[in-house]
Amino acid sequence: MGGAARAVLLGFLQASSSFDVRDSTGKVCIIANLTVAFSVEYKSSGQKQFAHFFLPQNATSQSHSSCGEGNTSHPILALSFGAGHLISLNFSKTLDKYQVEELTFHYNLSDETLFPNATEGKVMVATQKSVIQARIGTEYRCINSKYVRMKHVNITFSNVTLEAYPTNDTFSANKTECREDMVSTTTVAPTTPKHATSQVPTTSPAPTAAPSSPAVGKYNVTGANGTCVLASMGLQLNITYVKKDEKMGLDLLNFIPHNTSASGMCESTSAFLNLAFEKTKITFHFVLNASSEKFFLQGVNVSTTLPSEAKAPTFEASNDSMSESRATVGNSYKCSAEENFQVTDKALVNVFNVQVQAFKVDGDKFGAMEECQLDENNMLIPIIVGAALAGLVLIVLIAYLIGRKRSHAGYQTI
């Protein structure tokens, strides 16, 4: 289990960048220090590829940022970098809170530096709602990694200190801590790779056929007091590596359930699920927060043997500062949508149709389900569409009845 404790903290690979937004009088409306890492899926020669890069320290905020104008618009922190890339945080506030109402990322696939040989050379847009919230008069603080998942894009915020609507031009003395910092039960010293870089080399990876979605397998870990982890999921590992010729390679591996062995360990507040397939092993570290009676996925450790073309024969990565797959003890966490766990900027663990329960499991039976936000959003869309259609039908019916009544009123009795 030593590997699970060696966390490779993504945010420590790149120093934080500082930005502020001022109105026409020079008063600050947004101030921020943060590290932002991007992982973007794109197509190259018909094959799926991944670009990994950081928000550079020379990103600029002057062109597109604004403090808003009265009640007509809200403050926005917009950071432009590279060949037409833009990440923007749109803020709003209530009486006692401010929040990032919407996160938007524009990325230009014609940028050969970040997206070599991209099939489509156009600007793409990814958005996500409400990713940050804090009390008015406090700074928002989040040292641990905060993952934001969008279509084809994963964004990781770390080492974040920001404040909107500050009283003065500096951060407030009081702070609002993010959930990721509050639930951390262990402090892990960051480890820095010997050759850390802020973006992948500009040469294109060799085309790699993307496998289909993995089959779903069911796994469990049993200790002295019974089952402590029960999991059902499809599992896929995505590794970006350097080849011997210094080009980039992509290794995509689907776990085959009947060839996958499960083991693990049960402790009072920790549970480990080890899944081994061929020469690859993934360890999931679940933690119990006794005060809130919640369990969550805190860590993922990956070790594998790379293809013979790789410069290094083996690969190992770990992140023990996550806060994923959260549910009440006795219940199970369920997510039908694909989820992507970013271990490092070179390693992604993708899970499909996952259902997992830890610490209080009745044999091989899952407890009541707590659905993920992605599934709730997917369920909400047809409800909204259905309600809109029902409203449209009602409007047409009312218009028809009014028209019919008026036509009757036009007749004269002879």
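Just so it is clear, glycine is given a Cβ too, placed from its N, Cα and C backbone atoms.
Record features (Swiss-Prot):
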DISULFID  Cys29-Cys67  disulfide bond
DISULFID  Cys142-Cys178  disulfide bond
DISULFID  Cys228-Cys266  disulfide bond
DISULFID  Cys335-Cys372  disulfide bond
CARBOHYD  Asn58  N-linked glycosylation site
CARBOHYD  Asn71  N-linked glycosylation site
CARBOHYD  Asn90  N-linked glycosylation site
CARBOHYD  Asn108  N-linked glycosylation site
CARBOHYD  Asn117  N-linked glycosylation site
CARBOHYD  Asn154  N-linked glycosylation site
CARBOHYD  Asn159  N-linked glycosylation site
CARBOHYD  Asn168  N-linked glycosylation site
CARBOHYD  Asn225  N-linked glycosylation site
CARBOHYD  Asn259  N-linked glycosylation site
CARBOHYD  Asn289  N-linked glycosylation site
CARBOHYD  Asn319  N-linked glycosylation site
REGION    19-181  region 'First lumenal domain'
REGION    182-224  region 'Hinge'
REGION    186-213  region 'Disordered'
SIGNAL    1-18  signal peptide
TOPO_DOM  19-379  topological domain 'Lumenal'
TOPO_DOM  404-414  topological domain 'Cytoplasmic'
TRANSMEM  380-403  transmembrane segment
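In the predicted model, residues of the topological domain 'Lumenal' (19-379) average a pLDDT of 85. All protein chains included, Asn154 (N-linked glycosylation site) registers 21 other Cβ atoms within 10 Å of its own Cβ. Here the Cα atom of Asn259 (N-linked glycosylation site) is found 30 Å from that of Asn154 (N-linked glycosylation site).
When the recorded positions Cys142, Asn154, Asn159, Asn168, Asn319 are compared by Cα distance to Cys29 (disulfide bond), the shortest distance belongs to Asn168.
For the pair Asn168 (N-linked glycosylation site) and Cys266 (disulfide bond), the C-alpha distance works out to 50 angstrom. A distance of 46 Å separates the Cα atom of Asn117 (N-linked glycosylation site) from that of Asn289 (N-linked glycosylation site).
Following the DSSP three-state reduction, the secondary structure of Asn289 (N-linked glycosylation site) is strand.
Cα-Cα distances to Cys266 (disulfide bond) place none of the recorded positions Asn58, Cys67, Cys142, Asn319 within 10 Å. Taking each Cβ in turn and tallying the other Cβ atoms within 10 Å, the top scorer among the disulfide-bonded residues Cys178, Cys335 is Cys335.
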